[in-house]
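What follows is one structure encoded as structure tokens, with my remarks underneath.
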Amino acid sequence: MLRRLGSLCARSLGARGGARPAAGLRHLGRSPRRRASDAPRNQPPSSEVVARPVGVCSMMRLPLQASPQGLDAAFIGVPLDIGTSNRPGARFGPRRIREESVMLRTTNPSTGALPFQSLSVADLGDVNVNLYNLQDSCRLIREAYQKIVAAGCIPLTLGGDHTITYPILQAMAKKHGPVGLLHVDAHTDTADKALGEKVYHGTPFRRCVDEGLLDCKRVVQIGIRGSAMTLDPYRYSWSQGFRLVLAEDCWMKSLVPLMGEVRQQMGGKPVYISFDIDGLDPAYAPGTGTPEIAGLTPSQALEIIRGCQGLNVVGCDLVEVSPPYDPSGNTALLAANLLFEMLCVLPKVTVV
């Protein structure tokens, strides 16, 4: 029976020995280097050939691979939530997103994107974080991502709380220099500290500015809203030159014109996409740690991500999915779809 399943998967995937057994990220960089263009391309299996509940739980049921070598892009989980300020559970986000991703297919008829015909893609498993030490977890994430980007692989990250974007951007800046940032969120995440700590999910972009990881004139934050402790909660972002698009400025309108302006602002330089699921209204995405009412809609989220087509996107993340607050699985399903949309706008993806 297992041999039969393997035969069906191989036929559906079109794989010719390109996948390797899953081993997390412990062995990154040990495989011999090869060019991604020479590697056989993986395809998620069709539900017409392999039933959706069948197989190992990976993103889109892609092969699990131990090394980024030979990959153009990869999904990676970072199951961390010890930087969360209130409702925990984002450590379970990567697993739940993978479970819901079984509904995704290989092409994007709405945009004409053919990611799996253009790129070699796999699931690299999870970073082995330290759930008892946030600073050490940041080190482990940074070191893992340095190896991924050094291999020429674009990471698409399943979070995890928003703390994880800080060490990921450390790795990005080491290769690309200061990057532009498209940040979708209910919050600016530019606090300086809380309870005496300077690293948690409310501070990642403050720390990134401190370390020169961001090209501040190319930072756009969309969906910002909610109550605050002062009447001027956005002073820091504005003082750094960030463009803030408040949620109320998005109500009842298409964001296609906005994204035309964002593309001009970003130009051809490297851009990182960081999408906090709480940027969406909790009516659509209740399973998150810090929900705020009156947020973006799923269609606006698609307009934002699809509006990144043509940009030099060097990495993406989708963070703050908390399955304990998502009994229907709708938040994780939405997250899985947004990650697929991010894959579809990566450079070199064929669009017909």
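In case you wondered, yes, glycine gets a Cβ from its N, Cα and C as well.
What TrEMBL lists as region 'Disordered' is 16-49.
The compositional bias 'Low complexity' annotation in TrEMBL covers 16-26.
Here TrEMBL flags His162, Asp185, His187, Asp189, Asp276, Asp278 as Mn(2+) binding site.
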For the binding-site residues listed here, His162, His187, which shows the highest count of neighbouring CB atoms within 10 A? His162
Sequence gap of 6 or more, Cβ distance under 8 Å: name the residues on the same chain that satisfy this around Asp278 (Mn(2+) binding site), in order along the sequence. Asp185, Ala186, His187, Ala285, Thr288, Gly289, Thr290, Pro291, Glu292, Gly295, Glu320
